[in-house]
Number of protein chains: 6
Amino acid sequence: MRPSGRAPDEMRAITIETGYTKHAEGSCLISFGETKVLCTASVEERIPPWLRGKGEGWVTGEYSMLPRATHTRGQREAAKGKQSGRTQEIQRLIGRSLRAVVDHRKLGERQITLDCDVIQADGGTRTASISGAWVALRLAVNALMKSGDIVEDPITAKVAAVSCGIYKGTPVLDLDYPEDSNADADANFVLIEGGKIAEAQATAEGAPYDEEAFLRLLRLAQMGCADIFRAQDEATRK
Amino acid sequence: MRPSGRAPDEMRAITIETGYTKHAEGSCLISFGETKVLCTASVEERIPPWLRGKGEGWVTGEYSMLPRATHTRGQREAAKGKQSGRTQEIQRLIGRSLRAVVDHRKLGERQITLDCDVIQADGGTRTASISGAWVALRLAVNALMKSGDIVEDPITAKVAAVSCGIYKGTPVLDLDYPEDSNADADANFVLIEGGKIAEAQATAEGAPYDEEAFLRLLRLAQMGCADIFRAQDEATRK
Amino acid sequence: MRPSGRAPDEMRAITIETGYTKHAEGSCLISFGETKVLCTASVEERIPPWLRGKGEGWVTGEYSMLPRATHTRGQREAAKGKQSGRTQEIQRLIGRSLRAVVDHRKLGERQITLDCDVIQADGGTRTASISGAWVALRLAVNALMKSGDIVEDPITAKVAAVSCGIYKGTPVLDLDYPEDSNADADANFVLIEGGKIAEAQATAEGAPYDEEAFLRLLRLAQMGCADIFRAQDEATRK
Amino acid sequence: MRPSGRAPDEMRAITIETGYTKHAEGSCLISFGETKVLCTASVEERIPPWLRGKGEGWVTGEYSMLPRATHTRGQREAAKGKQSGRTQEIQRLIGRSLRAVVDHRKLGERQITLDCDVIQADGGTRTASISGAWVALRLAVNALMKSGDIVEDPITAKVAAVSCGIYKGTPVLDLDYPEDSNADADANFVLIEGGKIAEAQATAEGAPYDEEAFLRLLRLAQMGCADIFRAQDEATRK
Amino acid sequence: MRPSGRAPDEMRAITIETGYTKHAEGSCLISFGETKVLCTASVEERIPPWLRGKGEGWVTGEYSMLPRATHTRGQREAAKGKQSGRTQEIQRLIGRSLRAVVDHRKLGERQITLDCDVIQADGGTRTASISGAWVALRLAVNALMKSGDIVEDPITAKVAAVSCGIYKGTPVLDLDYPEDSNADADANFVLIEGGKIAEAQATAEGAPYDEEAFLRLLRLAQMGCADIFRAQDEATRK
Amino acid sequence: MRPSGRAPDEMRAITIETGYTKHAEGSCLISFGETKVLCTASVEERIPPWLRGKGEGWVTGEYSMLPRATHTRGQREAAKGKQSGRTQEIQRLIGRSLRAVVDHRKLGERQITLDCDVIQADGGTRTASISGAWVALRLAVNALMKSGDIVEDPITAKVAAVSCGIYKGTPVLDLDYPEDSNADADANFVLIEGGKIAEAQATAEGAPYDEEAFLRLLRLAQMGCADIFRAQDEATRK
């Protein structure tokens, strides 16, 4: 029995509120239940030094938690003077995930930074970040296409992410905090619309798992991402 | 003529949405027009080392801008590895302003941290932060009184802040970004309900000002803070 | 009764020893009683990136306390690896104050850095810094005019600063350390010769203050700055 | 055809030289072909603060590359003043992997730090690090059991890691640098002797992959780890 | 011929002004010609953690240059966020040199920090620092003995330091900046009254030197330190 | 009697294994008894900014200890976020020592970095580093001459370094850790083949020393370096 009463393959409610901030070229507030992440896409007409002159663009991600997004207040990384290993790991994952669905030549020599700031955390902040970042990216690219700055759509597909895990022996979809902090295994899947995998990470927290368990988690992720793809579609069509 | 068409003594619309995040002991999203700041109050049953054993509490403030709160994206302070001088100056101001209306003995040996995170910026983020932080503090203290952890109310009065400035020769209230970036003088007032001043800071950006101009800015601030006190009152009575 | 026996409107003895170090283009050791600050002006034929090609110069300030300028030894900021919020706040104030009396176009494309290093502290180090920095700046600009590097005088007026406060209920001028650490309110005024205000900052430390108290502090500051302007005049005429 | 001429399911030569340094409680130099990592286990009779008084121990990992382990010299992280996101991600993975096969209660209140320093890099440094760290840990624990400091063996199984990837369309085992830098997908598996999985991470670098490809990579990893388990066995029996 | 016209074995004028700052337990401004260093001794009734409970004290040194002590302005180490290798090397040398003449048991469980801040630099700042630090230490210890906090004098001898070098082929004493920046070899000697050596460091900058040259530099240093010992004696007898 | 049973003028066994890593242009693992340092020379076709356009090259050194090179584990400097004063002092010494035997014009506009990483420490790591760095440099320069990138040999002589000290009253050569940690005086000599001195540093740890003792230490160093020069010769002739 899940603490929330959800069925093992049941996602939390997904809501995506686009245009959440007025300055960003694309933005949304994405919620997976009580997890809320503000995702913004910022377009800059400059690229990292190593890409100059190649006619290609770049997509990168940044991630942070507001200090009181969590049950107990966490110290600001800006005050500590450095980003934690966890933050850096998540930032790298967000960037890789979004780059997996972008044709960098069609993007042109510009950089899009996807900032994911967690307003409220209840498990699954990194996967909500990736799913929301795609929406912000889609909106920013739409604007660039409308203005004629980009001619051909550089986004090749939707990308979404969801966490799964083995909780009290049962594979479950979309872990919330009470599950996440007690799971035997914890997996994050980044899936591309159409069935392919961009990234799979499954970690044994308590007991190691076997191949079959892994495949069941992947099935759950595929179900969850189907829901997220629908929500992304609705949000960006509006 | 102000860019927004407002009268010189006209505030922007003030809205205060309380309970904006579920984990904080007190929270609100305060808006002064398009400026939006999330203010949370976190209660911790520990105090800074220099206060131990004195039977007193402590109130402190922290401040940050989300990277795309502004027209162009700013680099994260966590990524740069340090907080700017501006950030530290504002944090110190928030803390001092709130401490001016708290009786530390009645608070007891606990610390309340007021986190002010700017979601969207359009001028006046530090004054909106102070005004919203009071609401978050009030809500957190209400909860501590309801639970019996605090017996006597440690909050002695309302405190609010507003910016004023001399824009194209005219003293105006509650500068927005287009005004703020072109003002001849720029002032921030932190006022206490009842008429007293907690902090006054007036800086000549373009041309120095005289005593009379200062007094007119103070008058405007008193008018603006009257509106803010009303909004604080409504928000915390709900 | 003030601990020093001074009258409420009495400044400490002001001395300004110019040419205190031989390498700086302008320098002085300024004393407000036992507070002693070494101020140097360094001229560099380069400007910050954001000003390049505009035909304008820049004036900036830096501030530090020697570790044993104070009653008890403070840790070096260089050893801690960062400057405190207080240091950065003071540095920003010094720069703004001096820029208020400089015509950046007449200065030409060069930067003048005003370093204020506190040799001995007894209250009022930031205001002594500003007052002494003007002397160092004046001397450096005199040299640039003598050498023909600058044709028209870019300094538009004298600027001076002094602290005032409410000590045991009485507004007093030029707080020393015993007063500063016990004042109910603490104000710093940066005034321009001729009567205008560049910056006013008044903070309630103990009890909030009212408009009348603020105006009495401003009067005291005007009296104190008149003395400082005379001392600056003598020092730079020699 | 692989650049090295190896068959798709062929590991590079594995060598493990134990006792490589004299001070560490356990140590080895592990080579996967030209990739060479020095792994040391350091036993300290202290534990992290959050574990005090629980009667449990802790196992953690650290990782670094010597500046000229690679084709071109990399700047030292100590000189840059911080560890990269990649370094922190690998350190976290090493620690998690080894903790998956340690019973922390049987270890007692002590910490074992597994330092993995890459002497020479040719792909697969993180997986060689994990595989060698187990050997260093085994040797250190053997010494603690011999001295009577530990009574029951806290190591529950062998753990090993290997990289796999899709190179020019073909799933291959144990990527070397020329393959790693051109792979379409890149996976790291941490497996436990007996068939379970401690960690699986598969990233699409070029093109996304499907479930079948993932399973073929897992098969290759199982074959590779069988070889590593044999090498670990030989090395620790000597 | 030396740029200053001095004879090869001629020191610059040495002056030592004691009691230069009022807060430090001991202080002086020492000048070797145009090189001026403020040395303060701060007594703290605490010792580093590794010495606790041993009944011994500790003496340590810190060093810094004011930004405009030199011909061209140097960036503050506090602003850069770290102390340079040169600064740290000098700090270590100052500490070692003073500890060579202190009996740590007689000092008792307290720490004395010798801060050496260069007000003006013209070569030989580290050796002037050591020579002045001894004076500050002597004065601070005198006060501790007078107050009865220390019973037996923990200072076993005078210590002084001077630089020598080979300038245009000739060994010379007490290099000033024009010599220092062009010397073939550059040596710093820390000598103890009575003839012993605490530290000798001789570096070939241009051409390597031989044993005979080294011995001639040592002779010069012995002559120079005799003068410094006399000046220290006069300064601390006053 | 030395703890190792060596005669006062007896070096530990010196071994130099060249080509220890495959990527570096020159490399060796040098051992002085149980002290083992990996030295690599990295050639880069770029020079520091201050040398650009002068037609000269640059040689620099870096140094680090692996965390468990020592009896007890030391924290990584990369994790601490800065290099210690000791590390920086040694790095500066390595660079100066090697530059003393290089003609920078003949080297051409390129930089050679000598990385010295201590694999195992038993006293004398800095002197082994310098001695091994020369071998790595020699091999890298040989390769540059063979490829025709350098025409005339820029290396003017061999350079070697050794530590000496006064242990229980007796001057001894090549201190190992048990001697080093108990010596009355500790000296490092950097000598150039042919008899000249590049650097001499002698520090009194316990009791100050006199001129005669210094000269005896220098004699020992000359004997030790003769052995090292032979070992360097053999290693680079192979």
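The backbone N, Cα and C atoms fix where each Cβ goes, glycine too.
Just so you know, TrEMBL annotations never went through curation; they're auto-generated.
Among C:Arg86, C:Arg99, C:Arg105, the residue that TrEMBL places alongside C:Gly124, C:Thr125, C:Arg126 at the phosphate binding site is C:Arg86. When averaged over the domain 'Exoribonuclease phosphorolytic' (C:159-222), pLDDT in the model lands at 95. Comment: phosphate site residues C:Arg86, C:Gly124, C:Thr125, C:Arg126; largest CA to CA distance 13 Å, whole number. For the binding-site residues given as C:Arg86, C:Arg126, the lowest number of other CB atoms within 10 Å of the residue's CB is seen at C:Arg86. Residues from the set of binding-site residues C:Gly124, C:Thr125, C:Arg126 situated with their C-beta under 8 Å of a chain B C-beta: none. Counting residues per DSSP class in helix, strand and coil order gives 42 helix, 41 strand, 48 coil for the domain 'Exoribonuclease phosphorolytic' (C:10-140).
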